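Asks: TrEMBL lists 166, 167, 168 with the feature NADP(+) binding site. Per TrEMBL, domain 'Tetrahydrofolate dehydrogenase/cyclohydrolase catalytic' is recorded for 7-121. Annotation comment: TrEMBL describes 140-277 as domain 'Tetrahydrofolate dehydrogenase/cyclohydrolase NAD(P)-binding'.
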Ligand SMILES: Nc1nc(=O)c2c([nH]1)NC[C@@H]1CN(c3ccc(C(=O)N[C@@H](CCC(=O)O)C(=O)O)cc3)C=[N+]21
């Protein structure tokens with residue numbers, strides 16, 4: 001077999017961020033500083049870590065990071081009001097509401113409240129629909145990261161059987177749609193799927209998006225398949241059992257250092273794009 005490829009998310013993320021530097025400078029020349037607002041509700045330590053990483057990545061690149069931290073007792077109404085305020089704030093170009101929010105909050109309703117032009121995280125149903133139809137500007141960041149990694153390493157999905165394990169609104173469903181748009185034959189598996197190992201065994205491309213540590217085993221992987229692990233479990237453990245899957249795979253993303261860092265770079269890329277569109281509109285009114 002050809003040499004195994006370890007798909008290096010740090011390298012891909014750096015490539016994406018390097019390409020943004022000139023665009024950010026150009027925007028600043030037009031007096032536009034891209035700005036991402038992040039909303040964290042509650043004090044789940046790993047959510048805090050991810051949101052902090054997102055904010056820090058913004059600042060490192062010259063993107064403003066407006067960090068909103070709301071108490072765990074926040075009501076749906078209060079969260080909706082905060083989102084409305086950010087929708088109406090012309091200095092904010094992108095809004096990220098960190099998932100999950102505390103259980104008493106209607107998360108779907110909150111996601112839906114994000115203005116489509118600021119939905120850089122691809123969480124609204126309109127954004128998802130646009131992604132599914134193939135003209136969305138901002139697919140969810142983890143699905144976008146998975147395609148970015150494939151593009152960087154020139155791994156084509158065309159004609160391949162892609163098996164996505166997981167069907168969540170911001171991961172499994174949109175990544176299935178993106179792969180379908182790249183002309184893969186897509187099977188989306190979930191907790192009711194029968195004979196999961198046999199289905200995964202047929203995959204040329206496996207996307208692990210279940211949220212269960214080391215769930216996908218090496219024995220399930222076809223020799224020479226591509227394994228893309230979008231898992232982010234406690235302790236930086238992926239959804240695919242790395243050692244056993246790597247033995248079979250032709251290419252695989254590690255955790256950490258795979259899909260995660262690219263997810264953040266896609267969020268930055270979408271925020272810069274959102275700012276460019278605002279700058280363009282402002283330019284026309286001058
Ligand atoms: N609205 C929303 N959008 C998201 O995109 C979103 C979300 N909610 N909720 C949680 C998940 C998780 N997520 C990660 C992003 C980066 C890493 C990441 O960069 N991880 C590093 C390691 C982390 C560390 O060093 O602690 C890595 O894989 O190398 C992980 C996980 C985005 N998510």
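Counting begins at 1 with the first residue displayed.
Glycine is treated like the rest: Cβ placed from N, Cα and C.
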Asks: Hey, what's the Cβ neighbour count for residue 167 (NADP(+) binding site) at 10 Å?
Replies: 18
Asks: Tally every other Cβ atom lying within 10 Å of the Cβ atom of residue 168 (NADP(+) binding site).
Replies: 17
Asks: Taking the Cβ of residue 166 (NADP(+) binding site) as the centre, count every other Cβ atom within 10 Å, in any protein chain shown.
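Replies: I count 23 other Cβ atoms within 10 Å of it.
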Asks: Starting from the Cβ centroid of 166, 167, 168, the recorded NADP(+) site, name every other residue in that chain with its Cβ within 8 Å, sequence order please.
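Replies: Near the NADP(+) site, the remaining chain residues are 164, 165, 169, 171, 172, 173, 188, 190, 209, 210.
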Asks: To what whole number does the mean pLDDT across the domain 'Tetrahydrofolate dehydrogenase/cyclohydrolase NAD(P)-binding' (140-277) round?
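Replies: Value for the domain 'Tetrahydrofolate dehydrogenase/cyclohydrolase NAD(P)-binding' (140-277), mean pLDDT as a whole number: 98.
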Asks: What three-state class does DSSP give residue 167 (NADP(+) binding site)?
Replies: coil
Asks: Please count the residues of the domain 'Tetrahydrofolate dehydrogenase/cyclohydrolase NAD(P)-binding' (140-277) that DSSP assigns to helix (H, G, I), strand (E, B) and coil.
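Replies: Across the domain 'Tetrahydrofolate dehydrogenase/cyclohydrolase NAD(P)-binding' (140-277), DSSP assigns the residues as follows: 57 helix, 24 strand, 57 coil.
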